[in-house]
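Just below is one structure, and these are the notes that go with it.
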Amino acid sequence: MKSGFVALAGKPNVGKSSIVNAIVGKKILIVSDKPQTTRNRINVIHTTDDFQIIFVDTPGIHKPLYRLGEYMVKAAVSALKGVDLILTVVDAKEGVGKPERFVFDYVNQSKTKTIGVINKIDLVDAKKVEQIYNEIKNSLENCVGIVKTSAVRGEGIKELLDLIVENLEEGPQYYPEDMITDRPLSFMASEIIREKIFHHTYEEVPHSVAVIIEEIKERDNGVLYIRANIYVDRNSQKGIIIGQKGNMIKTIGQEARKEIEYLVGGKVFLDLHVKVKKDWRNKDFIILNEIGMRDDLKD
């Protein structure tokens, strides 16, 4: 059996999580069209009879504005250490500019084999894709190949998976074959809730939100009770998330509940509360402990 750890590197919103979801054939990682959706380092495990790949999905590498952003970048860079392969993802719409070269520098410093991935090729013409291909070829050291993909359409995904497997060594099975992530249910539930907030709110609001699961308990009737606090920076943001007559929080709750029910295979009662925690994105205790980034910073 071939096995190994494969990290994804790229600036925010290039489609790293969508690529992993497309490869494993199911939605494990939350996605949205807004940058910096992924905050924590997440392992997604893809096992067949022939291989086990542990995808290490990371926050986008960017110039941070808050302490939260600093920790996100540290988590992403930390994930590049000690892996067997890196997928360096570029958005075909954006091309290769200063932010991409910022990512390339970190990847090159790792001295790890990498595969260049040009994602969202369905949104640009072939000439631009070829230009990006050449820029990646000339910029990425230890590059074993470049694959053109559209994660949303599934284009290039099989070719990418084949190239990943080709570049892994024979090794042990690290996780049980039925395990798809090393994150607990509390983390997955909080991510699903946060994804729905990203889908329904705009501008600064989604980036100002932290979701903390306070309680998970199976009730006597077999329903899984989940109580979650949604923290925001300001009262105005609280009002937006609650919505007129509570319509927004109701929509977020209904959509999140359905997805969590699909995840656990049973009924869920989702109890959401919105609270103001002023300037939480600059408070180390909250970032490291309550939203769980302390473990993400370990090498």
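Don't overthink the numbers, they just go from 1 along the chain as shown.
Just so you know, glycine gets a Cβ as well, placed from its N, Cα and C.
Range with Swiss-Prot annotation region 'G3', chosen from 57-60, 137-140, 153-156, 193-196, is 57-60. In Swiss-Prot, the annotation region 'G4' applies to 119-122, one of the ranges 23-26, 95-98, 99-102, 119-122.
In the structure as shown, the Cβ atom of Thr58 (GTP binding site) sits within 10 Å of 27 other Cβ atoms.
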